[in-house]
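Enquirer: According to TrEMBL:
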COMPBIAS  569-584  compositional bias 'Acidic residues'
COMPBIAS  590-599  compositional bias 'Basic and acidic residues'
DOMAIN    25-92  domain 'Glutaminase A N-terminal'
DOMAIN    100-219  domain 'Glutaminase A central'
DOMAIN    281-417  domain 'Glutaminase A central'
DOMAIN    442-542  domain 'Glutaminase A central'
REGION    558-612  region 'Disordered'
């Protein structure tokens, strides 16, 4: 650090007059400094054409750094207008969505998310690279992009497409050997050289579900365009592109520039225009092989997420940590049969069924839809407590509980609208109708699951918020906001007040964290996470309110009712004794040994807590 250059600037202000002297006009002076961070190359990326030193996006518009700084300096007034436009719209939306506390939360969050990103590529094929920040040196991490993606959906969905593109390009090129989605593009930023040995962090169900959910969210942002008089809250400023003939032209280039409100050279509003739906279809078709491949993996492993590396000796099922599945909450430890993780995989399968329907793949649509409908029924039987009041942390951990933050994806993708007056299904090219839900059933995840979890969150809320699960009193703020978004208004308000209390009552010299204690001093439980982009999950309320032209939140109005008696509610004993009523109409699910799995069956080697697991491993080593 001592050898790095230091630049000092000074400006003398000559203020001879004061406002107290009525005959002398007060003299005002000002100064403007332009400060920029440039990095060229941005990253080393294992693209489809091989290892590539990626240039920053601004080089598509400016010949050198001096030209960039010169433009930025004289563009200050327009930049201020754009920044104020975004900030003001964000404040209005947050105030209407929740409360004044929420305004402050999202204002702080937005700056932190963008601070972890770098725009790269060309004006014909823009890319956005992302670093984890503080947790490790991983970059383009799928389960870091996923919690942050509500911010991108609200602010500019094309940026989410730019984030996913490097991952999709790399895996389509055949450089990743596994049949599930990779965890990240590199473990040593800025070297995004991939994992040609396939030995990246092992979160296959997590990452496959994440990619499918985010993929359909991009599609929905295009096929459910905003109202005609609605514009994006912020347009990134650009100039006429100066690229040479491009090697690759993406589906979402930054060449269609506009003038809005006297500010020129702005990218077009996302999702508006006759070609938006067609663009979404082309985007899915371009990578359909990957989407389908990942879904096939989820079909095999998501209902019971454990024992992924199958040994001939079943007694070794839980004897090796590699056999236990880890979710994005890897800091909490390995655990089999995670209820919330299984839900993500099942929602991912349902997302694939919708993408298949959207592009006219009728057979795939019917196949994946039947499986996801079958799995979600069995999942409820496996995952809920015996008294039916809440979801368990894992299928065989009785007395435990968990937040079902992955239920947010069900609402964001508008699966909860199936069979309701708000049903959104637009027709595809072949006018294929979606499979009708069973009589009396509304939504993909039953309404009773939303209602029960909402009530449970109110019961377990702590001083500074909602704990992640029953193992600890710490929480992840991104998942906290995901959970709040699909809770009743009163529960959301209570938890938001607790989070605001934590922000107001605790002090730190660190950037905003996403992992903190909900009791005691509200401090850091370890590992210490700071400045991470995952706080984009705080935008969950706002992203949900924009989904499906606002119908996503309309479909959650049943949570407003004081007496939550959903028409499809059935007695607890019927819910948790399995799905006997549906067995004649649904295909059976089979375990790895070929035996049929019944809802409510327990794992052959149940683990009650992590201490049991550690003891098992010690005994095996002995």
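Cβ from N, Cα, C; glycine included.
Help me picture where these features are in the structure shown.
Expert: Helix, strand and coil content of the domain 'Glutaminase A N-terminal' (25-92), in residues and according to DSSP, is 31 helix, 11 strand, 26 coil.
Secondary structure of the domain 'Glutaminase A central' (281-417) per DSSP, as helix, strand and coil residue counts: 80 helix, 5 strand, 52 coil.
Taken together, the residues in the domain 'Glutaminase A central' (442-542) have a mean pLDDT of 96 on the 0 to 100 scale.
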Enquirer: Based on DSSP, tally up the residues of the domain 'Glutaminase A central' (442-542) by helix, strand and coil.
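Expert: Split by secondary structure, the domain 'Glutaminase A central' (442-542) comes out as 50 helix, 9 strand, 42 coil.
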Enquirer: Pairs of Cβ atoms less than 8 Å apart decide it: which stretch in 25-92, 100-219, 281-417 has the most with the domain 'Glutaminase A central' (442-542)?
Expert: 281-417
Enquirer: Just to be sure I understand, if DSSP states are collapsed into helix, strand and coil, how many residues of the domain 'Glutaminase A central' (100-219) fall in each?
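Expert: Summed over the domain 'Glutaminase A central' (100-219), the classes give 61 helix, 16 strand, 43 coil.
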